[in-house]
Amino acid sequence: MLHSFLFWDCSFTLDHQPTGRNSDFHLETFLSQTPSSQCNLMEPRNITRISKFLLLGFSVRPELQPLIFGLFLSMYLITVFGNLLILLAVSSDSHLHTPMYFFLANLSFVDICFTSTTVPKMLWNIQTQTKVITYEDCITQMNFFVTFAGMDDFLLAVMAYDRFVAICHPLHYMVIMSPWLCGLLVLLSWITSVLYSLVHTLMVLGLSFCTEVEIPHFFCELNQMIQLACSDTFLDNLVMYFAAMLLAGGPLVGIFYSYSKIVSSIRGISSAQGKYKAFSTCASHLSVVSLFYCASLGVYLSSAATQSSQSSATASVIYTVVTPMLNPFIYSLRNRDIKRALKRIVGIQ
């Protein structure tokens, strides 16, 4: 529900203050006699929380909605099915109970959750021909989206560290990457991501929205919500960009550092076969890192340059839907252990 309040900007001087039971009459008489240039009735200003948002999605043309529905439903089913196969393969094959595949299983689980925060709601809106999302659902969607996006960042950094230890310190790999350390790294990633999301959620809860807000996106994206607020968002923008540089830039710096050490170690290997074997263990992870970061950075840099919300929404599909869909293929096509486990699951020897 919206509550509106009227504010008057009046410039006047009274010789005496009306008091008593006639005070309302004197004030009414004064307002009726005051020129409009001296007393301006300002527009209504909504200062309380609205009850719903409108997700505009990709296209307003009705004939394109079935095509969009079919495309996103197919990508969503492939994402869920592919990542579930990775989870099943890792959990069922004892040869895959190693730190690398432990982190891969966590990444697959996060990718399923990451996509499930946005696509099902969009599919439901297309099917029911509505654009409405309640305020509570929008805040919840934003909270989980930021959490799982943060988890993707941290897990990719942890996986880069795992490859660094495996290639640069192979003799001490199992000692360094103990089950205790692996579990601790994943737990810290979850805690940091949840706290990061909680900060943004609490700040958005303090914002007010003046009208029925139309979000030019297919989900409740943090930056879009801050831009559409009618209250002061300086602090929100400051926290958002600072946290993004710290919590997204930090893992990226860790990934660059890990691979700089990996490249140095690979260059020190004398045989070409040894170099290829060492690099092949990193190829899948490098592909996923490049796809995720290039897509996400490209979205925000292009949206900042063009100020086009519609193009930003379209480009966001790459890292919110396409990347989680391709991850199982990237890791399975170049990995003999995963392919062997998958063949055993489907009954192919």
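Positions of Cβ are set from backbone N, Cα and C atoms, glycine also.
According to TrEMBL, the protein carries these features:
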TRANSMEM  67-88  transmembrane segment
DOMAIN    82-331  domain 'G-protein coupled receptors family 1 profile'
TRANSMEM  100-119  transmembrane segment
TRANSMEM  139-161  transmembrane segment
TRANSMEM  173-199  transmembrane segment
TRANSMEM  238-257  transmembrane segment
TRANSMEM  278-301  transmembrane segment
TRANSMEM  313-333  transmembrane segment
Per the Cβ filter (under 8 Å) with a sequence gap of at least 6 from its ends, the transmembrane segment (313-333) is approached by 57-58, 72, 75-76, 78-79, 82-83, 85-86, 104, 107-108, 111-112, 114-115, 118-119, 216-219, 221, 284, 287-288, 291-292, 295-296, 298-299, 302-303, 339, 342
The answer for the transmembrane segment (278-301), taking Cβ pairs under 8 Å and residues 6+ beyond its ends, is 152, 156, 159-160, 163, 166-167, 223, 252, 255, 259, 262, 265-266, 269, 312, 315-316, 318-319, 322-323, 326-327, 330-331, 334-335
